[in-house]
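Annotation source TrEMBL lists domain 'GTP cyclohydrolase I' at 24-200. If you look up TrEMBL, you'll see C93, H96, C164 marked as Zn(2+) binding site.
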Amino acid sequence: MAALHEDDFPEPVGADEKRVETIAGAVKTILAELGEDTAREGLADTPTRVAKALLYLTQGLDQRVESAIGNALFASDNDEMVVVRNIEFHSLCEHHMLPIIGHVDIGYIPQGRVLGLSKLARIVDLFARRLQIQENMTQQIAEAVEQATGAAGVAVQVRAAHMCMAMRGVEKVESETITSRMTGQFRDSAATRNEFLQLVSRG
Ligand SMILES: Nc1nc2c(ncn2[C@@H]2O[C@H](COP(=O)(O)OP(=O)(O)OP(=O)(O)O)[C@@H](O)[C@H]2O)c(=O)[nH]1
Ligand SMILES: [Zn+2]
């Protein structure tokens, strides 16, 4: 009887591996169509790498805000503005699947409870790691913070460079896109809004 080899017991292909395989197949087709020799050594593992990278960069699609926050909501009487500024993010634009790279500033006015500070960054990542347009991402972050905290107001400002505007198309490398979403007290009171904008302004 022939000796058994580990290949006789292939690992069951899990859902994630199946997705990697399918995406890698599509990437290989793209490489070939670009005129590349997909058999050359440097490209041997590229389809799989690209597949894994794309799944990583879009993992926010499978994540829920509630899980990202966990139990990190704390009772607090503090009703002063809380601001976390300069939260870096990387996303992909939904039109070209090219990177959007920038920073998010978040402010909110607590109303009985505050959110663990790192959770604001987790909320940013959750909405950045998917195919996006900047305006929608800005709004989604604000809504998530508002729902999680029950705040009296939320302010979100996003400043970003779009590689689809820099590396191709109009090729404006220096341009920066700024979007914002203000709710509650930030929307109603110019003084509150200005306080936030002053706190997050650079310099
Ligand atoms: N509003 C908005 N537009 C975006 C964002 N990311 C990319 N875009 C734009 O989406 C638009 C797509 O326009 P199309 O004319 O369909 O595509 P295109 O021919 O590649 O456009 P050009 O980039 O002008 O060459 C472009 O103007 C992009 O700059 C975003 O986050 N928000
Ligand atoms: Zn784009």
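Glycine is no exception: its Cβ is also placed from the backbone N, Cα and C atoms.
As a whole-number mean, the pLDDT of the domain 'GTP cyclohydrolase I' (24-200) in this prediction is 98. Sequence-distant neighbours of H96 (Zn(2+) binding site) (same chain, 6+ residues apart, CB-CB distance under 8 A): M163, C164, R168. Within 8 Å of the centroid of the Cβ atoms of C93, H96, C164, where the record puts Zn(2+), the same chain has further Cβ atoms from L92, E94, H95, M97, L98, I100, H162, M163, M165.
According to DSSP, C93 (Zn(2+) binding site) is assigned to a strand segment.
If you take the C-beta of C93 (Zn(2+) binding site) and look for same-chain residues 6 or more apart in sequence within under 8 angstroms, you find P99, I100, L131, Q132, I133, H162, M163, C164.
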